[in-house]
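Note sheet for the following structure.
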Amino acid sequence: MKQRGVTIWLTGLSGAGKSTITEALAQKLREQDYPLEVLDGDVVRTNLTKGLGFSKEDRDENIRRIGFVCNLLTRHGVFVLVSAISPYREIREEVRGKIGDFVEVFVNAPLAVCEQRDVKGLYKRARAGEIKSFTGIDDPYEPPLNPEVECRTDLEELDESVNKILHKLDQLGYLR
């Protein structure tokens, strides 16, 4: 029987822990020989969506393009892990509808915690007015209303977050 693909979409503020969880989850899935690709928001912006800015329209287009790639890979039995802020609910729902096999993971941490974790100094620069339209500061983040999984990275350990996602994937029939 052919492996069923799925897009696992991690959304949340910058610094919430999306990339950290994605890396740990990818390692666990690779250990079990699942076909896997990771699409990290920063890497995608450098390669696939270079030239797009941070207006709502450009952010939506960025997510649409990521979703297009996810759809191609997912229907060929690949587990696609997306780590992207993807701040707007409507475009996340649009992408979910196109892909079908889609598990939304809300990586949730309070803004203050995200700012404490900010190794790149982006929040500091946004608060100083050096970065405009920064999600969580002067641009909104719309949390998912009904994510399949919510990871509270300010309250739980990394392993707990990863295991919650694996449990949900198993419940939904994606794991063999």
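Using N, Cα and C of the backbone, Cβ positions are placed for all residues, glycine too.
Sequence annotations record features per position, and here Swiss-Prot assigns ATP binding site to G12, L13, S14, G15, A16, G17, K18, S19. Secondary structure from DSSP puts G17 (ATP binding site) in coil.
The active site, phosphoserine intermediate annotation in Swiss-Prot covers S86 and is backed by sequence analysis. DSSP assigns S86 (active site, phosphoserine intermediate) to coil in the three-state reduction, outside any helix or strand.
Most Cβ neighbours within 10 Å, among the binding-site residues L13, A16: A16 holds that distinction in the structure as shown. In the shown protein chains, 24 other C-beta atoms lie within 10 A of the C-beta of G15 (ATP binding site). Shown are the binding-site residues G12, G17; the one with the most C-beta atoms within 10 angstroms of its own C-beta is G12.
Apart from G12, L13, S14, G15, A16, G17, K18, S19, the ATP site neighbourhood in this chain, defined by C-beta within 8 angstroms of the site C-beta centre, holds I85, V107, A109, C114, R117, T153.
In this structure the alpha carbons, written CA, of G17 (ATP binding site) and S86 (active site, phosphoserine intermediate) are 14 Å apart. The least crowded of the recorded positions S14, S86, judged by other CB atoms within 10 A of its own CB, is S14.
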